[in-house]
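As recorded in Swiss-Prot:
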- Gly80, 83-84, Thr88, 90-93, 108-116, Ser120: 5-phospho-alpha-D-ribose 1-diphosphate binding site (BINDING)
- Gly80, Asn111: anthranilate 1 binding site (BINDING)
- Ser92, Glu226: Mg(2+) 1 binding site (BINDING)
- Arg166: anthranilate 2 binding site (BINDING)
- Asp225, Glu226: Mg(2+) 2 binding site (BINDING)
Amino acid sequence: MLKKAISKLVEGKNLSESEIIEALDCIMEGKATPAQIGSFITALRIKGETIEEITGCAKVMRAKADKICPNVDYYIDTCGTGGDGTNTFNISTATAFVAAAGGVYVAKHGNRSVSSKSGSADVLEALGVNIDLDPVQVKECIEKVGIGFIYAPVFHKSMKHAAGPRKELGIRTIFNILGPLTNPSNAKGQVLGVFNPNLTELMANVLLNLGIERAMVIHGMDGMDEITTTTSTKVSEVRNNEVITYELFPENYGIALASPEDLTGGNAEENAQIIRRIFNGEKGPKRDIVVLNSAAALYVGKVVSSIEEGIGLAEEVIDSGKALQKLDEFVEFTNSFISYNEMSG
């Protein structure tokens, strides 16, 4: 089946959803050779991935992942594609804590760094979080603390078959955009940052196909996979079963324009310190960008009805110390599992 799919892609023809499901299933089951995997993902990239193809791949990855079903009504993910090359600190990770402290349940999906100095898993470890939890423990985190971290390699074990060819190719492939689409908790709300402005509508339509209720797919026009504060941001919003695309300007919300240098991060330890300083009340451009992105998460999380209202709540959550409290609570709760895990071997 994979040979047939490769020859079709090489001719520049699109695959149907069922064809790509069959092809990716073959890869995830370990039935494809490294050469076939490399050819398949390269040919797909050259042709350009369609909404149907990305939807099909996301369905396969979701089906093969270890699932969690938190016993809460509605929860969101704040996970970007990464790979934007802007070397900012971990904005979406900071945002997850502000959203959780503001009353949104968060199932944060993430991994170690791919392109930056610090991925969400790296900075969470530097903050003191125990990320090595099984699905039952992550579910408990979401239900009891309001936030859980879904560490991708633990939940997506069948991805290991594609890891070698991906690494050896060293180019962006469909797997770079599948990560944020394959949250094993099947979150119904999402703030999803992408590295390319052409991806916002594409990804929003895929999320719609996957049954999302509300989402903002965002690309800062400075290249950031976040809502930026240096210029405008392209947003494709999923709401009421449709996709609406617009530009978001930070100055319209009373946020001062920053320079890219104002938002630079460092390694995991440095980024952890930046997040703690913001949560301890430090003002400035780094706090501003966390507030703006948190406003989007609170809006997608349905606890506020507009970005303006979200900004007010995000500021209140940080200023009152609730965001810091939520971070400390999460650190403590995730570490309470360590002794149990060690005892159970």
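Just so it is clear, glycine is given a Cβ too, placed from its N, Cα and C backbone atoms.
Note on proximity: among Thr88, His109, Asn111, Arg112, Arg166, the binding-site residues of the record, the Cα nearest Asp225 (Mg(2+) 2 binding site) is that of Thr88.
Within 10 Å of its Cβ, the residue among the binding-site residues Thr88, Ser92, Asn111 with the fewest other Cβ atoms is Asn111. Listed in sequence order, the residues of the same chain lying 6 or more apart from Arg112 (5-phospho-alpha-D-ribose 1-diphosphate binding site) and placing their CB within less than 8 Å of its CB are Gly119, Ala121, Asp122.
Across the fold, the C-alpha of Asn111 (anthranilate 1 binding site) and the C-alpha of Gly80 (5-phospho-alpha-D-ribose 1-diphosphate binding site) stand 11 Å from each other.
When the binding-site residues His109, Arg166 are compared by the number of other CB atoms within 10 angstroms of each CB, Arg166 has the fewest. His109 (5-phospho-alpha-D-ribose 1-diphosphate binding site) falls within a strand when secondary structure is assigned with DSSP. DSSP assigns Asp225 (Mg(2+) 2 binding site) to coil, not to a helix or a strand. Taking a C-beta cut-off of under 8 Å and a sequence gap of six or more, Gly80 (5-phospho-alpha-D-ribose 1-diphosphate binding site) has these contacts in its own chain: Ser92, Pro180, Leu192, Gly193, Val194, Phe195, Asp225, Glu226. In this structure, the C-alpha atom of Thr88 (5-phospho-alpha-D-ribose 1-diphosphate binding site) lies 25 angstrom from that of Arg166 (anthranilate 2 binding site).
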